[in-house]
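For reference, the structure discussed in these notes is given below.
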Amino acid sequence: MAGGMKVAVLPAVGAGPWSWGAGGCGAVRLLLVLFGCFVCGSAGIDLNVVTLRESEILFMNTSRQSCYKNVLIPKWHDIWTRIQIRVNSSKLVRVTQVENEDKLKELEQFSIWNFFSSFLKEKLNDTYINVGLYSTKTCLKVEILEEDTKYSVIVTRRFDPKLFLIFLLGLTLFFCGDLLSRSQIFYYSTGMSVGIVASLLIIIFIVSKFMPKKSPIYIILVGGWSFSLYLIQLVFKNLQEIWRCYWQYLLSYVLAVGFMSFAVCYKYGPLENERSINLLTWTLQLLGLCFMYSSIQIPHIALAIVVIALCTKNLDYPIHWLYITYRKMCKATEKTVPPRLLTEEEYRLQGEVETRKALEQLREYCNSPDCSAWKTVSRIQSPKRFADFVEGSFHLTPNEVSVHEQEYGLGSIIAQDELSEETSSEEEDSDSRYPLVVQQNSFLT
């Protein structure tokens, strides 16, 4: 070129397979710097962890780390006992729960996950952290977001009535599931409750029915389901505050959605198909078992109670069959005892009692509208005597009573014994007694 300028040709940057170019070298240097900061930071972290004790309140005004160590071994009476760590602050704080001090150190280190999770964590001024009875150690980090924030931390171990109520609910669902699945009251109340709680989920489900298959709108619907569940959880957490500030809107929502849910349930009606009822029964029983297991804080006791409930519910028929088999075996092995015969006095008393009872039943029937009086009168020989009997008179005449006493009473028995002792050779005596017997028989007829 003019002026004698010389141009030097340099090799192309990044021509080799291991070359990164100018931008690549900058990215590598940035990663190396971040890694060095990460290593140096992790090496120099020194935590000042506060030890938490039960029923002891700690007041703090700076971001601190604290740990609770559980040294008590759970007993059988701790099945409904809950350990909670409560963080109550004057302003919003961010609380993070981890397992031990090493996890606390990891929280202090820089990482992409910690950076994004810090934005996703809820910021509350009243936080409850549940600690398992078998958990040896639980640590937490409290981060204040504003200056002049004061907060307190307390650990409590107490009987939780909510766990007991959940256990009773599970017990009721398991043992009364077959009755509840056929109850109209349970059907309408459950339908209204589901409609009130999950109305947004129901709307999304109905909208999904009208969407074409393989449509991108399903991605939005899946996000809508997740967002709806998040809203339901958020509402339940702040239900008391919502009721205090917006009770008019909440009451209007409950009444409107409850009425619409009742209308839908009334339109379709309770379940009538036996298979559908069985499916609902099994669902309620399974839900009851889950409630019973989750409400008991000691796992092996919870499992034992679930097994006992299953055996009690489903083994009543085998136990009844075993009992019947045992009774049959006992009857087969024992000696047969002949029935005791009644004495003459017992036989006479039993006959009188049963006769009196049958006569009273006959009077009641004759006085009832079911008895056809004219047809009955046409079939008897003495209507007046029958009418007197129905009105309460005795059913026998004095002559019939005397004949019965002579025939079946004590005197007739003695007379029959005397007659049997006489010899058959006395023909004249037997002939003289024969007309008397004929006369008595003719009188009875």
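A Cβ is built for glycine as well, from the same backbone N, Cα and C atoms used for every other residue.
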Candidates ASN88, ASN125; Swiss-Prot annotation N-linked glycosylation site sits on ASN125
Give me the long-range Cβ neighbours of SER368 (phosphoserine): same chain, 6+ apart, Cβ under 8 Å, in sequence order.
none
Suppose you look only at the region 'A' (186-297); what would the mean pLDDT be?
79
